[in-house]
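Peer 1: I am attaching a structure below and will ask some questions about it afterwards.
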Amino acid sequence: MTNLTLRNQLTPKQIVEKLDQYIIGQNGAKKSVAVALRNRYRRQLMDESIRDEIIPKNILMIGPTGVGKTEIARRIAKIVRAPFSKVEATKFTEVGYVGRDVESMVRDLVEVSVRLVKEEKMQLVRVKAEKNAEKRLIKLLAPSQKKKQTTSQNPLEALFGGMNQPDESPEEEVDQELKNKRSQIEWRLQNGELDDEIVTVEVKEQQNPMLDMMRGAGMDQMNGMQDALSGMFPAKKKKRKVTVREAKKILFEDEASKLIDADELAAEGIHRAEQMGMIFIDEIDKIASKEGGGNAQVSREGVQRDILPIVEGSQISTKYGTVNTEYILFIAAGAFHMSKPSDLIPELQGRFPIRIELDKLTQEDFYKILTEPDNALIKQYKALLKTEGIDLIFTKEAVERIAEIAFQVNQDSDNIGARRLHTILEKLLEDLLFEAPEINMESIKVTENYVNEKLAPIMQNKDLTQFIL
């Protein structure tokens, strides 16, 4: 990375400004994450002798649910297009117990990283891949007479997916009539006239969904064996009838994959995961050990000890190659209602030197969440009803009342942070969303009286409040 590329990267202040577009408050957390991110760019500029000595300062976020812990990490990864993986600590168990192996978090990160790199490389070969895909599609829509004659297939070839549709060889003669037909199809294809026509294409068979279900039951170790076996035989394919519009996408992806070097893709994916990857470990407080926990405490402490070497830096085998986790940034988060950070084993505590306590949301925060972010909830509901031709208008007093109710319900019952706004707005607009297709009005105004009318009966009944809001 050169000085020029570093100057082109976002500064910590710019990162915080971008986060402000989506997340209200929590400036301390935003600052810490922005600095951690900038330090990764700075590290790339250093001499190799000192670069290897500088490891990311992992972050521990402490705060109740719904205050923005996950959203900060998720948004930061999107802003910088860094590989990002979110896991829940409660999904893991120590090796030998039923559950997911902790190493799977690294494998998930590498999958995301390789996918990001592949998307970028596909854009680089897009023009050529689209041209090749179009040629194949034209041949499918106007096959030669020789192609139409079906040949008996070897049983073993059929078993292992040898169903490829061979294109005409360069030496094969194509008569003038077929050339004219294909030329006409090409013109119509480029003008979108054939987008809704049906064509038969061959696609790779998807992995059996049962295998995905088994992964959750501690079967991550099967991945390597499955990948090794799949490499021994050609990918099994099946014929599918799709529209020309869908066929364009299928054939483009297939042609783009042929133009991308698989080894280079894997190497770059691993490098990016190692140098720029971020793993968000949620609910880490749930595996904090407490005295007198019995077998449950042993299991929780076991998970911590399994996570420790990954956070410290270790070599993890994936289907793309070995990954060094030493320079991956780990962000852990938890509410710590029933435990405290000091309940984590000392070695793990030491691996999260940056501690950030996120603030509880105030009534003013709720108001800002409803109105200020680019993806604010009120803007979302307005857009939903706009599709029905209705202009939804909220008065300032109505929004203030919604914020007040959300804050009050959080105070009186379980505090679920900003997520409370989802339940309140859904209840408030339930009838309107249901009746919208039959309403012959160009605009509807939501006033403070409307909010009180819809929510007051529920607010007055504590039992109903707990169940509905």
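Keep in mind that glycine also has a Cβ here, set from the backbone N, Cα and C atoms.
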Peer 1: Of Arg182, Arg188, Arg419, which does Swiss-Prot put in the ATP site with Ile24, Gly66, Val67, Gly68, Lys69, Thr70, Glu71, Asp282, Glu347?
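Peer 2: The record-listed residue among the candidates is Arg419.
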Peer 1: Taking the Cβ of Ile24 (ATP binding site) as reference, which residues of that chain separated by at least 6 in sequence fall under 8 Å from it?
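Peer 2: Listed in sequence order: Gly68, Leu361, Asp365, Lys368, Ile369, Glu372, Pro373.
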Peer 1: In terms of DSSP three-state secondary structure, what is the assignment for Ile24 (ATP binding site)?
Peer 2: coil
Peer 1: Please give me the CB contact count at 10 A for Glu71 (ATP binding site), counting all chains in the structure.
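Peer 2: A 10 Å sphere around the Cβ of Glu71 (ATP binding site) contains 16 other Cβ atoms.
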Peer 1: If I restrict to non-local contacts, at least six residues apart, and a C-beta distance under 8 angstroms, what lies near Val67 (ATP binding site) in its own chain?
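Peer 2: Long-range Cβ contacts: Gln26, Leu358, Asp359, Lys360, Leu361, Gly417, Ala418.
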Peer 1: Just to be sure I understand the packing, how many Cβ atoms besides its own are within 10 Å of the Cβ of Lys69 (ATP binding site)?
Peer 2: 25
